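Taken from TrEMBL, the feature domain '2-C-methyl-D-erythritol 2,4-cyclodiphosphate synthase' covers 1-154. Marked as divalent metal cation binding site by TrEMBL: Asp8, His10, His42. If you look up TrEMBL, you'll see 8-10, 34-35, 56-58, 61-65, 132-135, Phe139, Arg142 marked as 4-CDP-2-C-methyl-D-erythritol 2-phosphate binding site. Under the heading site 'Transition state stabilizer', TrEMBL lists His34, Thr133.
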Amino acid sequence: MRIGHGYDVHAFEAGDYLMLGGVRVPHDRAFKAHSDGDVLIHALCDALIGAAALGDIGRHFPDTDPRYAGADSRALLRAVLQKLVERGWRVGNVDCTVIAQMPKLAPHIEAMRTHLAADLAIEPERVNVKATTTERLGFTGREEGVAAHAVVLIERG
Ligand SMILES: Nc1ccn([C@@H]2O[C@H](COP(=O)(O)O)[C@@H](O)[C@H]2O)c(=O)n1
Ligand SMILES: C[C@@]1(CO)OP(=O)(O)OP(=O)(O)OC[C@H]1O
């Protein structure tokens with residue numbers, strides 16, 4: 001059994017939705033990113049890649065590579081899982097925290113769990129997603145962007 005941790009941040013730009021955990025969350029801004037900007041999935045990818053000691057997300061999907069322009073982060077997550085499965089790993093459980101002052105994410109958490117569990121080929125009971133504000137402190141509190149952490153356990157399949 002091994003543990004991995006991931007962290008990612010995306011700043012806001014003009015737009016009208018945020019992609020988070022594969023859910024299109026209505027908002028008055030969008031993520032500035034090379035891909036769809038799904039900061040939650042990027043943190044989760046990094047946690048999985050870290051647990052398997054395979055580097056980081058940018059090594060596997062460079063943000064200079066036009067193939068990943070506008071990429072669906074769920075497809076990246078499935079590709080990361082495939083790399084782990086090829087090396088004999090399966091996912092034990094994942095726990096994720098999205099740090100966002102706004103928008104309110106509670107109504108979308110269950111849909112995120114469902115998407116992440118499907119992409120990781122595990123039961124939703126092995127996936128937790130939670131959200132917190134920073135009580136208006138720091139860059140997330142000033143609504144300049146969103147951060148996410150993820151912790152995973154992987155096991156021999
Ligand atoms: N973007 C967010 C942030 C928080 N929540 C929910 O509100 C609860 C209280 O947040 P605090 O930052 O005051 O601890 C939190 O536990 C989440 O359930 C949310 O839905 N969306
Ligand atoms: C997801 C990737 C894909 O090119 O790009 P971004 O969407 O910019 O996201 P980031 O977390 O900054 O970098 C990781 C990249 O792999």
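Glycine too: its Cβ is placed from the backbone N, Cα and C atoms.
Automatic, uncurated: that is what TrEMBL annotation is.
Feature map: annotations from TrEMBL on the structure.
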residue : record                                                 : DSSP (3 states)
Asp8    : divalent metal cation binding site                     : strand
His34   : 4-CDP-2-C-methyl-D-erythritol 2-phosphate binding site : coil
His42   : divalent metal cation binding site                     : helix
Ile57   : 4-CDP-2-C-methyl-D-erythritol 2-phosphate binding site : helix
Pro62   : 4-CDP-2-C-methyl-D-erythritol 2-phosphate binding site : coil
Thr133  : site 'Transition state stabilizer'                     : coil
Arg142  : 4-CDP-2-C-methyl-D-erythritol 2-phosphate binding site : coil
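Within 10 Å of His42 (divalent metal cation binding site), counting CA to CA, the recorded positions Ile57, Pro62, Thr133, Thr134 contribute Ile57. For Ile57 (4-CDP-2-C-methyl-D-erythritol 2-phosphate binding site), the nearest of the recorded positions Asp8, His10, Thr133 in terms of C-alpha separation is Asp8.
Within the set of recorded positions Asp8, His10, Thr133, the entry lying nearest in space to Arg142 (4-CDP-2-C-methyl-D-erythritol 2-phosphate binding site) is Thr133 (CA atoms). Highest Cβ count within 10 Å among the binding-site residues His10, His34, His42, Arg142: His42. Confidence in the domain '2-C-methyl-D-erythritol 2,4-cyclodiphosphate synthase' (1-154), given as mean pLDDT, stands at 98. With a CB cut-off of under 6 A applied against ligand 1, the recorded positions His10, Pro62, Thr133 are reduced to Thr133.
When other Cβ atoms within 10 Å of the Cβ of Pro62 (4-CDP-2-C-methyl-D-erythritol 2-phosphate binding site) are tallied across all protein chains shown, the result is 12. Closeness to ligand 2 is met by none of the recorded positions Thr133, Thr134, Arg142, no Cβ falling under 6 Å from the molecule. Of the recorded residues, Asp65 (4-CDP-2-C-methyl-D-erythritol 2-phosphate binding site) and His10 (divalent metal cation binding site) place their C-alpha atoms 18 Å from one another. The two recorded residues His34 (4-CDP-2-C-methyl-D-erythritol 2-phosphate binding site) and His10 (divalent metal cation binding site) have their Cα atoms spaced 10 Å from each other. On the backbone, the CA of Thr134 (4-CDP-2-C-methyl-D-erythritol 2-phosphate binding site) and the CA of His10 (divalent metal cation binding site) stand 16 Å apart. Recorded residues Pro62 (4-CDP-2-C-methyl-D-erythritol 2-phosphate binding site) and Asp8 (divalent metal cation binding site) have their alpha carbons 15 Å apart, per Cα-Cα distance.
It is Asp65, among the binding-site residues Asp8, Asp65, whose Cβ has the fewest other Cβ atoms within 10 Å in the structure shown. Each residue in Val9, Phe31, Ala33, Gly37, Asp38, Val39, Leu40, Ile41, Ala43, Val146, Ala147, Ala148 lies on the same chain as Asp8, His10, His42 and has a C-beta within 8 Å of the C-beta centroid of that divalent metal cation site, without being one of the site residues.
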